[in-house]
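Under the heading active site, nucleophile, Swiss-Prot lists CYS50, citing sequence analysis as support. Here Swiss-Prot flags THR49, CYS50, ASN51, ARG52, SER105, GLU110, PRO111, GLN112, GLN116 as substrate binding site, drawing on sequence analysis. Annotated NADP(+) binding site per Swiss-Prot: GLY185, SER186, GLY187, GLU188, THR189, ALA190, in sequence order, evidence recorded as sequence analysis. Under the heading site 'Important for activity', Swiss-Prot lists HIS95.
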Amino acid sequence: MVFVACGLNHKTAPIHVREKVALQPAMQDSLLSSLLDLPEVNEAAILSTCNRTEIYCDTNTPEVLGNWLAHEHQLSEELLSQFLYIHQGKEGIKHTLRVASGLDSMMIGEPQILGQMKQAYQHACRLGTVKTQLRPVFEYIFRASKRIRTRSGIGANPVSIAYAAVQLIGQLFKNYHSLSVFLIGSGETASLVAKYLHQHGVHRFLIASRTLENAQKLAETFDGKTLSIGDIPQYLPLADVVISATACPLPFINKSLVEHALEQRNHAPMFLLDLAVPRDIEGNVNELEQVHLYNVDDLQSMIEKGMDERRNAALQAEQLIESELDNYIRWHRSLRAKDVICDYRNQMHTLAQQELQRALKKISAGQNQQDVLNEFSMRLVNKLTHNPTIGLRQMAWDNREDLLDLARYLFDTTANQSLYEEIS
């Protein structure tokens, strides 16, 4: 088997090229089937995201992949070749490990790519385009990339405002499930924070927007309650977390409003995230006890620190990839002996069963058990060593000292001799 990773990504191709070769879900089955129709391709899976389209396959002629991609997407082969990369064998495994570990992502260490690769693999398995050759390779890559991410900590530090906000909320409130979140405004970042919180188990959302239609859409997404901007004073005491991102020219959440909400909450802690510029929440709100107010600048400093830490983690992850790559090479080489080992063990098992059945029949017939066991052990030793003995004699006749040395290593005769000397 020759493992090949072929494709293009955000580093090698502009978006107007990437979007032309992006794999639409409705096309997935037909494209995989078309790829497997190529006589040169034995097995394959296709990963397609907004930042990359990659083919992972077993083929001895990887040049057919670029031709196939160009034909399927009605592109010039000459044009596509400018953006295409092809990694074979060890380099193909290394590239795929880097992708799965998040090292090749636009945002270093992002976790989504591993899940996307697993989905692509599972779909190919269901379709039957990944079988015995690629299956163990993918399973190894998934295990190895998980170890790399865990040991390097590459995904541990926030590198987006939304992710940083969710981490801060998690530090203040240990249980996401019990939180009530008040979302004011319907901007992209605020919605993304709400999405992440929902994924972490938050189920109670209050949503207010100057445009009622936008609030209703978000409420449907998160199964929340739709409110108007005028409802904020009434419902603010119910919120453990407030995320505000409107386009108001002046702050509309002031210290007295939050202080009143705290009194009604019996001074239970509140987390306020102001994503608006200009700000929606007055800065002196942070003077109140049990109030944790963060704005965009606060989160940006966290992100810059997180990026530095991720870059350091990426250096460690690259070293871990080299180690995992060595492990893969050893594992893959060991597969070449798998059939020989299996056949040899089956042969030995068959011989042992034959001799065991012969001995049991003699014991059932009333023969002396000790005599039968002695004969059994002698016959078993003779049968197990018959073929190796013939081979060793042939090596000696042919003056193949190199093979005799190999036999000494395989049979570990030196160790056995030392053992016999200790026993005697």
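Every residue, even glycine, has its Cβ placed from backbone N, Cα and C.
Feature annotations (Swiss-Prot) mapped to structure.
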residue	record	DSSP class
THR49	substrate binding site	coil
SER105	substrate binding site	coil
PRO111	substrate binding site	coil
GLN116	substrate binding site	helix
GLY185	NADP(+) binding site	coil
ALA190	NADP(+) binding site	helix
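Considering only the binding-site residues PRO111, GLY185, GLY187, the Cβ with the fewest other Cβ atoms within 10 Å is that of PRO111.
Under a cutoff of 8 A between CB atoms, and with a sequence separation of 6+ in the same chain, the neighbours of HIS95 (site 'Important for activity') are ALA5, TYR85, HIS87, ASP104. Taking CA atoms as the reference points, GLY187 (NADP(+) binding site) and GLN116 (substrate binding site) are 26 Å apart. Cβ proximity to the substrate site centre (mean Cβ of THR49, CYS50, ASN51, ARG52, SER105, GLU110, PRO111, GLN112, GLN116, cutoff 8 Å) flags the following additional same-chain residues: MET106, ILE113. Compute the center of the Cβ atoms of GLY185, SER186, GLY187, GLU188, THR189, ALA190, which mark the site for NADP(+); besides them, the chain residues with Cβ within 8 Å of that center are SER191, LEU192, ALA245, LEU275.
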